[in-house]
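Taken from TrEMBL as is:
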TRANSMEM  21-44  transmembrane segment
DOMAIN    94-156  domain 'Potassium channel'
CARBOHYD  N95  N-linked glycosylation site
TRANSMEM  135-157  transmembrane segment
TRANSMEM  178-203  transmembrane segment
DOMAIN    192-268  domain 'Potassium channel'
TRANSMEM  215-232  transmembrane segment
TRANSMEM  244-264  transmembrane segment
REGION    306-336  region 'Disordered'
COMPBIAS  323-336  compositional bias 'Polar residues'
Amino acid sequence: MLQSLAGSSCVRLVEQHRSAWCFALLVLGYLLYLVFGAVVFSSVELPYEDLLRQELGKLKQRFLEEHACLSEQQLEQFLMRVLEASNYGVSVLSNASGNWNWDFTSSLFFASTVLSTTGYGHTVPLSDGGKAFCIIYSVIGIPFTLLFLTAVVQRIIVYVTRRPVLYFHIRWGFSKQVVAIIHAIVLGFITVSCFFLIPAAIFSVLEDDWNFLESFYFCFISLSTIGLGDYVPGEGYNQKFRELYKIGITCYLLLGLIAMLVVLETFCELHELKKFRKLFYVKKDKDEDQVNIMEHDQLSFSSISDQAASMKDDQKANEPFVASQSPTSNDSSLNN
């Protein structure tokens, strides 16, 4: 008897705080996923880092042995200066001296990466004025970009997602949920093909040092706005039509970002995902829901009354003009 009562009370306690338990599991799962990623990256990349360190150490030692007139301190000072300039996108190599990082097309590409929060980091402002302007430009431009992307996606998704789903649901009688799932999968496949697979094949041809995997890696890192900056197109010293290429990449990033947002919004509108997301949200109180309903009803009734009043005014305005009779004339007519 006591065990059944305790069990029922525990079940009731879990049901009452279901969203809190789900949220706690979500936080725990996210932390475990972070730890899992750290363990995998460390185990995979640490041996390669060790090999690279050993190789650089051997090259440095061999260079010092072949050039006895140069001390190790002088070499390290030179390398530190070269690495510092490389962090600002300036290379000391002779084959890269012809590429300017701040011509118009490169600056346009930089502005697009800043506003889209991709931020490759291969080119950064050198002057204090450029850094100050970048802060002000980003503070205004990033919310402006979010507003622009939201407006564009809101209009595109009506014609790409909602109307096709309703068409197959109403015209052919298919289940709306099934049609939405199939449509989301097809739209995702088309987006992956048009903005990942095909561009990756193009980049692998245009970029001499990139294979297909590296090109696909660049497309994913860019359109997901991660922007690590280890692969940046159009930076080769023998790049043909570099200005036009940079403009094309800028257009690709903007269109690809819009396509990614459309696909994400399409998946977020699925009924199953909506139910899944609600597991982690805080439930509204009944009183708050009733207040919202009353406010909504009040607004709707007031809008209806205002609309009816405006219709009456319009109707009166459209009526033919009739001269109103004065009360004295009415009284005289009655006396007669």
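Each residue's number is its place along the chain shown, starting with 1.
Yeah, the Cβs are placed from backbone N, Cα and C, and that goes for glycine too.
Predicted automatically and left uncurated, TrEMBL annotations should be read as such.
Broken down with DSSP, the domain 'Potassium channel' (94-156) shows 44 helix, 0 strand, 19 coil.
Mean pLDDT for the domain 'Potassium channel' (94-156) in the predicted structure: 86. Counting Cβ pairs under 8 Å to the transmembrane segment (135-157), the top-ranked stretch among 178-203, 215-232, 244-264 is 244-264. Break the domain 'Potassium channel' (192-268) down by DSSP state and the numbers are 54 helix, 0 strand, 23 coil.
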